[in-house]
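So that you can see what the record holds, here are the features copied from TrEMBL:
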type: TRANSMEM; residues: A:33-53; note: transmembrane segment
type: TRANSMEM; residues: A:60-82; note: transmembrane segment
type: TRANSMEM; residues: A:88-110; note: transmembrane segment
type: TRANSMEM; residues: A:117-139; note: transmembrane segment
type: TRANSMEM; residues: A:165-184; note: transmembrane segment
type: TRANSMEM; residues: A:215-236; note: transmembrane segment
type: TRANSMEM; residues: A:242-259; note: transmembrane segment
type: TRANSMEM; residues: A:264-282; note: transmembrane segment
type: TRANSMEM; residues: A:302-328; note: transmembrane segment
type: REGION; residues: A:336-390; note: region 'Disordered'
type: COMPBIAS; residues: A:351-369; note: compositional bias 'Low complexity'
type: COMPBIAS; residues: A:370-380; note: compositional bias 'Pro residues'
type: COMPBIAS; residues: A:381-390; note: compositional bias 'Low complexity'
Amino acid sequence: MNARRTLLLAAGGLVLAIGATFLLDPFRNYQLALVAAYLCATAGLTVLVGLSGQLSLGHAALMAAGGYGYALTVNALTGAGVDGVGRFLGGIVGAVVVSGVVGLLLGLAGARLHGPYLAGLTLTLVVAVPAVAASVPALQGDRGVRTAFDGVPAPLRSLIALEQWQAWVALAVAAVAVTGLVLLRDGRAGLRMRAVRDDEVAAALAGIAPARVKVLAFVASAVTAGLGGSVLVFVTQSVSPGAFPLGLSLLLLVAVVVGGLGSLLGAALGAVLVVLLPWLVGTVTDALPLPDAVVQRLDGTLASLVFGVLLIALVAGAPGGLAGALTAARARRRARRAAGGAGGRRRTRPSRGGAAAAPPTGDPSAPARPATPTPTPSTPREPVRTPTEG
Amino acid sequence: MSQLRTRTRPARTHLARTHVARTAGTLALVAVVSLTACSTPAASPGVAGETVTIGTHTPLTGPAAAGYASISAAASAYFDYLNDQGGIHGRTIEYVVKDDAYNPATTQTVVRELVQEDGVLALVNGLGTPTHGSVVDYLNENGVPDLFVASGSPAWDDPEAYPWTFAFNADYVTEAKVLAHHAQETYDDAVFCVLGQDDDFGTDFTTGLTTVLGELASTQTYSVSNQDVTAQVGAMQAAGCTVNFLATVNGFTALALGTAAKMGYRAQWLSSSSGGDYPTLLGYLGEDVGPALLQGFVSTNYLPFSADDPWVELFRRVNDEYNDGAPFTGNTVYGMSVAYTFAEALARAGEDPTRESLVEALESGDVVGNGILPLQFSADSHKAFGGVGITMVDGGMQDYVGSAWTTDTGDGPVVAHDGEPVPLEDEGVPQP
Amino acid sequence: MDRLVFLLGTGVARGTVLALFALSLVLIWRATRIVNFAAGAMAVVGVYVGVAVTGATGSWWWGLVATVVAGGLLGFVVERGVLRFASARSPLSGVILAIGLVVVLQSLLGIVFGQEHEPVQPPFSDRPLQVGGVPLLSPYDLFVVVVALGLLGALRLLFVKTSLGLQLRAAAFEPEVSRLLGVRVARMRTVGWVLAASAASLAALLAVPNELGLNPHAADMLFVSAFTVAVVGGLDSPGGALLGGLTVGVVTSVVTGYLGATLAPVAVLGLLAAVLLLRPSGLFAQAEARRA
């Protein structure tokens, strides 16, 4: 897919998504804004893990970095008398700079470290977020930083609710972030990332500098995660360390793997999952006939139990993630149709499913196992049309 | 994982959204604009013919659940009791409890859900400083009564900035000043030290202590993520501390006392009400060693706690009947007191309560609650309790000693309170 | 000076428990090349069983046995029942399955036992011995140190001196070749899980008396710290786990004592970054296979 087509698709998708906000009530629009924010993070993570093969457990910390960068810049600009669009864009720049710097440092470390060691470093980073927030006075510890409130711009005020406006902004930021990632993935950099992921030595022989490629992937991923964090702050006007626990990092990872590793469609599904799954699980448990006395003890706990069971079942049943399963189903349908016409049964390989279950990305084991030839499905990656722009 | 544990109401999925959007078309959208613009909330959200719906956010899962999940359960039980007595103004109270796992991001979602989807009349007893702090702006911007915040931060008493927010806990500064005053009067030649949580709780409490006592011999902090306070307690021992204040939650009060005992370190311990509940501490320390460790332990409180107090007797009955006989602790009294106080406010808010009339009722000063001091809400102050009492553990019983004390959050004096606790009337069912 | 000695003593005591838990992660890593994110939750299940048995028999030692057995049994069930679904082509699926398992186990424990903390007393005195007026290690701490060191030694013997150990190592490093040579790779993997889960349960049982009490989340932070420890020491090295545990324990204790508890996680992050900067595969990394 060439760059112009990507941009057109992104613009079209954004317009459609913005149109869709008119069909949603304020709370749904708020949730949509959250989906957009988490999509920034899952998309960045799926590119990092799926394309460059580096495992990060630190994306919650990167979101926090972006959130704090946004909040502090916005507050500084408010102090300087700037407001409106200028302040918002300034905040975004702050988010990009802070998360980019943290990502750069992690990327430099990641270029030297193998899978689990990088995972350990990023895990420790997430655990240190509250400590950092508590020891740097400007971050104001547990209570976090509040920012000024951006209402609906005057011309639109009579037309749309606040949450709808917030959803628009969130969608626009997510569109920019995801489009950037698509361009990166489809461009030369993406090719190099896959080359490094599949065989670092061969890539180096082909004239690619693996370290530089890995750092680039980490920075890109960090910046998009940071954008996600800034959207969260824009929507809720506050950022605090408690909102970015280790659990969120793990959840983001769960989301991209369940969605389908390396796939931006999967990242979108994963982001929806992050926001909506609690409700899905809640509905399931509500539907179970249970006596009231039991319910109190089970409240919340049962929901997570169901989630855990579903998660295990899904990973066991569809290793390619939801995106992989969707594409596989589509491919099967196509194959059936083709078979009917050509007379012979021909099975199309589900390209996305294959790609999603690709080689030992982020695999803790990859480094130690001496270059066992992994059966890498070398099917050309058909650029998948995803509603990721939304 | 905490993100996943809350319940949220249905929403269209991302896929459905784009799909719908494709079919909808631009013209249809324009038509919908007017519909969306019309969907403003009804005159008094949460009030129906037979019910009043209110909600809260609290941790039911995750590590914080252990300390707090029993509060909302106790409140729900008391509402059930009230509903069985006919409710308030003939309406039953429906208390929607949302789990936020003590994660501010989740709090923001569930509170919006309560306000926008469940249409609650008020948020009652939202729990936690960082969690509630992330939604206090939202609630005030939208004019949702934000009653009886379950946190001792002084931030909730700010009627100028937060006209819809009302505190409940005695604030940490007040507690600290009263405790410090008590210690000053009681212990001669003492070396005063403090162990505090490394957040607002610890810093506000320490501020209160230094206002009364001046510089402390040692100020130690702990972080909730590390359940090892040996280094801190060792430092207090090394500094020769004899009277130690604790700005700790119950678990860490128990840890501090247990660690000190292991190190053969004897001192007098005085704790904030947030970490001074005898039954809970006994649960942490164990029935075998707990009573000995807790003998002489001093703490503040502002709610009825004497074993023969009529309020406590009523709450025990309600706990047995409506709460499955769950362990009766300070959290039980706290949750039921909140429920009673809300019911009282609702009773004073008129036949057909609205968000405005609820706040007016509180600001009128007619709502007195059930504490050892009457509530002191007014138009200029949204602080619930102007003072606290001192409790001490003796022979396995925690009870008040002496009178209650009042003070301010500045450098005002600590004064003995001469009024009586609020008496129990009408079996704890507030009458209009 | 007294203060430093005291903080060092505390750090060593906590560090050995961390080391023991980290050892479990190292064992599973060696056996199956998976970082077991469910180690904490699994260990807590073992401890619940052990505490129940202690309560029923009145003997802490029977509880200890029960903990180890239950932990091992759970390791077996998890490896055979859940982790076998991990896709060989996408090893991340192992991590995700483990995360799912954490959620399932913790919610089951919450449903069965509730979220409250149940106090657990150490089997014997944990009052520290005074050395020159400074409280140092308690008999219980010494017991923990001895158990951890003993286990480390035993496992080293197992891996280096026995045929089972050789098969375990072979199955971990060269599954294909080992299979050709007649090693039952799947069985070795299971054995690795059982050993590791037992060790983690034991570590958690030893750690719980120093914590708030037993609850479904009792080992969450233990796991996180132990992962750091394993990374500091080198995921392939049991000796590294011990050294890493002691280092992390001492750093945490000294920083908490002198600079405050808040800074401890930052200090650990700094330590980890520094170690990995110098030794990208941990302190005790084995010489890497030559690449290219």
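The backbone N, Cα and C atoms fix where each Cβ goes, and this holds for glycine too.
Whatever TrEMBL says is automated annotation, not expert-curated.
Ranked by the number of CB pairs under 8 Å to the transmembrane segment (A:215-236), the listed stretches A:33-53, A:60-82, A:88-110, A:165-184, A:242-259 are led by A:88-110. When each of A:60-82, A:88-110, A:165-184 is scored by its Cβ pairs under 8 Å to the transmembrane segment (A:33-53), the top-ranked stretch turns out to be A:165-184.
Non-local neighbours of the transmembrane segment (A:60-82) in the same chain are 41, 44, 88, 90-99, 102-103, 106, 122, 125-126, 128-129, 133, 138-139, 145-148, 221-223, 225-230, 232-234, 238-239, 241, 243-246, 248-249, 252; each lies 6+ residues outside the stretch with a CB under 8 Å from one of its CB atoms. Remote same-chain partners of the transmembrane segment (A:88-110), defined as residues 6 or more beyond its termini with a Cβ less than 8 Å from a stretch Cβ, comprise 54, 56, 58, 61-63, 65-74, 77, 82, 118, 121-122, 125, 147, 150, 169, 173, 214-223, 225-227, 229-230, 233-234. Beyond the transmembrane segment (A:165-184), the same-chain residues lying 6 or more positions past its ends with a Cβ under 8 Å from any Cβ of the stretch are 1, 3, 6-7, 10-11, 13-14, 17-18, 21, 24, 29-30, 32-34, 36-37, 39-40, 43-44, 47, 88, 92, 151-153, 156, 190, 220, 223-224, 227-228, 230-231, 234-235, 264, 267, 388-390.
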